[in-house]
Amino acid sequence: MKAFQTICRHLRSVKGFSVEPAPLVNFSTSLYSCGRKKKNPYEEVDQTKYSSLVRSVLSFRGLAQTPESLFEEDCLLYGPVSKHKLSKQDKGARVPRNWFPIFNPERNDTSDPNDSSMPLKIPLQRNMIPSVTRVLQQTMTSQQVFYLERWKQRMILELGEDGFAEYTSNIFLQGKQFHEALESILSPQGNIKERDEELLKCGYIESIQHILKDVSGVRALESAVQHETLKYVGLLDCVAEYQGKLCVIDWKTSEKPKPFIQNTYDNPLQVVAYVGAINHDANYSFQVQCGLIVVAYKDGSPAHPHFMDAELCSQYWTKWLLRLEEYAEKKKNHRIQKTD
C-alpha cells in the first residue's frame, strides 16, 4: 500500500499528468433507473369508440329495440358486415326458371275510358291460392327471420308477453283505421263518418297531406287481384295517378323514418306482385306500369314517397318470381308453416 501511495505522489509531480478519482457507478436492476418507461397497452385503446359503447349499453334500459337499432348495435360491437359480392356467374344463376312478364302486351293503353266511374272494389275470395303476404312471410331469408325474432324477444323482455300482444294489436288497429280513413278521403262520394273525422286529425293523415295533393284519378280501392297463371292473390290498397302516372299505391305506417326504399324491406315486392297481377286480371281493363310506397308517420312529420318506375318494377319483379319459386319448392317439400 505504501508503495502504491509513493507511485501516486510521483505521478502527481510529473508535469501535465493528473490523477482524479473515478466517479462511483451504481448498477440497478430496476428499469426505471435507466429512464425508460414500460409501455402501457391501455394507452392504445380507442377511448372514443368505447365511451360510445358504454353510453350505448347504459342507455339500453327502457328503449324499444328494433331490427334497425340492433343492426347499428352489432356494427358498433363487431364492425360493419362484410358482404360477399356475387360473381357474374352467381348473378346469372339467380334467374327464375319460369319467366313471366310483369306487363301485359295485349294492354297497351294505360288510360281508363271510364274516368268518371266508381273505383273498383272487388272483394277478396278465400281459396287455396296463396296470398302475396303469405308468400313473402314463408320465404323470408334466415337473416330476416333472425332479426325479426330477436326484436320480438327484446320487446317481450321490455313489455312482457301481454304488453307485447297489446302493442302489436294497437299497431294493427292503427293501420286498419288509417286505411279506412284513406278510403273515405279517396272515395268519390266523400262519405266521411264522425269516427273518420276524428281519424282525419291523426298524425298519419297529417303526414300524407303533401302526397294526397298529387293523387288523382282513383281506379281501385281496397280491391282484390288474382294472377291466374302464377297462382297468387292479393288485396291492394289503391290504384290511382300520382303526378300523372298510374300507380299501384301501398300506404304504410311507421314510427321511425324510412327515407330510402331499402328501408321498406319487402314492400317493393308486394307492390310489383300487385302490378303483375292487375295487368293479367280480367277484372281490370287497364294496365299499370308504376308503383308507389308511401310511408306515413305517427307524429305527423312529412311522409316519404318511394316512386317505382317501370324499370325498377321490372327489377323487383324478377325477385318476386324467385320468391314464388322458393315458396312452391317449400310447399312441395312440405316445409310451409301454418300462419294465422
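The backbone N, Cα and C atoms fix where each Cβ goes, and this holds for glycine too.
Annotated features, as they stand in TrEMBL:
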ACT_SITE  Asp237  active site
ACT_SITE  Asp250  active site
ACT_SITE  Lys252  active site
DOMAIN    193-331  domain 'PD-(D/E)XK endonuclease-like'
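Counting Cβ atoms from all protein chains shown, Asp237 (active site) has 23 others lying within 10 Å of its own Cβ. Using a 10 Å radius centred on the Cβ of Asp250 (active site) and all shown protein chains, the other Cβ atoms total 21.
For Lys252 (active site), the number of other Cβ atoms no farther than 10 Å from its own Cβ, over all displayed protein chains, is 19. Taken together, the residues of the domain 'PD-(D/E)XK endonuclease-like' (193-331) have an average pLDDT of 93.
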